[in-house]
Amino acid sequence: MSGALALATGVDPLPLLSTVSLDRILDHWWVFPASILFSMVAIAAGVSGALFFSPFFLLAVGLGPAQAVGAGLMTEVFGMGNGLRSYVKQGVVDYATAKWLLVGALPAIVIGSFAAHYVPDTLLRGGFGVGLFVLGGFLLYSDSPEETEPGEREGEFLEKKNAECGTTVVNASDGGRFVYPTCWRPPGVALAALGGAITGLISAGLPEIVTTQLVARCRMPPRVAVATSVFVLAIAAVAGAAVHALAATPVWYVVVWSIPGVIVGGTIGARVGKHVPSGLMERGLGVVFGIVGAIVLVTTFGV
């Protein structure tokens, strides 16, 4: 595991782990079963696992806001492995679009991750609570990518711009063929930058902002949109986790439990997700995240 952590974060964890007492690590054993549960639900519902882990680390484990965000991103990097590998193997990632989305997402998540360590804790907790509340509302009231009609929010201006960009063809490994207008890049880059900055600050937001927009404004098939967003998030999350690891000592006594937990939970969740309506799960989770966001705001500002 130490080799994988070093590869993902650019930091060799062994010297840092040696400074953490074994008792402190064992005291947090309960993070492992909780991580299995969170990852299983996140994968089954098709939402970002960081939506669970950062508030969990903040409220239940008692980490500071920046530590919670960093641990959430680091955990998410490993939790996305199975899903990312599956999408790449299926051949449904639109790499041309992903490249442009990363132009916006990568610098934004790096800036957001650095900023998280310099923003006062009270403001960061407040932003975290507001972000959870807003993302909860987004999950509750917006359609999932599968329920979104391709191009339903394209508009005449975008339709004209997209038509000028040619056509994209994605050939899946199972023989499926997806043909759709190549999306005009500036709106996607801007949305990816916004999602990346929010993800760097509160560890969630990039896939929630980008995925549905790819379907609604770019006519991208839902299967391709989800796969492309996961690919972009995987690369951006590695960059964000590395920044958090370099800006402050990671909380290894927590992530040594959360990382194996998400690997196990992700495997189970991929199977459970086939039998659970994603729309129902997303709306239920929207209510949960809205409540958690409200709790964070109340505990931070006493309102």
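From the backbone N, Cα and C atoms, a Cβ is placed for every residue, glycine too.
Just so you know, TrEMBL annotations never went through curation; they're auto-generated.
In TrEMBL this protein carries:
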- 29-49: transmembrane segment (TRANSMEM)
- 56-78: transmembrane segment (TRANSMEM)
- 98-116: transmembrane segment (TRANSMEM)
- 123-141: transmembrane segment (TRANSMEM)
- 189-212: transmembrane segment (TRANSMEM)
- 224-245: transmembrane segment (TRANSMEM)
- 251-272: transmembrane segment (TRANSMEM)
- 284-302: transmembrane segment (TRANSMEM)
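The largest share of C-beta pairs under 8 angstroms with the transmembrane segment (189-212) comes from 98-116, of the ranges 98-116, 123-141, 224-245, 284-302.
The list of residues near the transmembrane segment (224-245) in space but at least 6 beyond its ends in sequence, with Cβ under 8 angstroms from a Cβ of it, reads 8-11, 46, 48, 50, 66, 69-70, 73-74, 76-77, 80, 83-84, 87-88, 90, 92-95, 97-98, 101-102, 105-106, 109-110, 112-114, 116-117, 145, 170, 178, 180, 192, 196, 199-200, 203, 206-207, 210-212, 214-215, 218.
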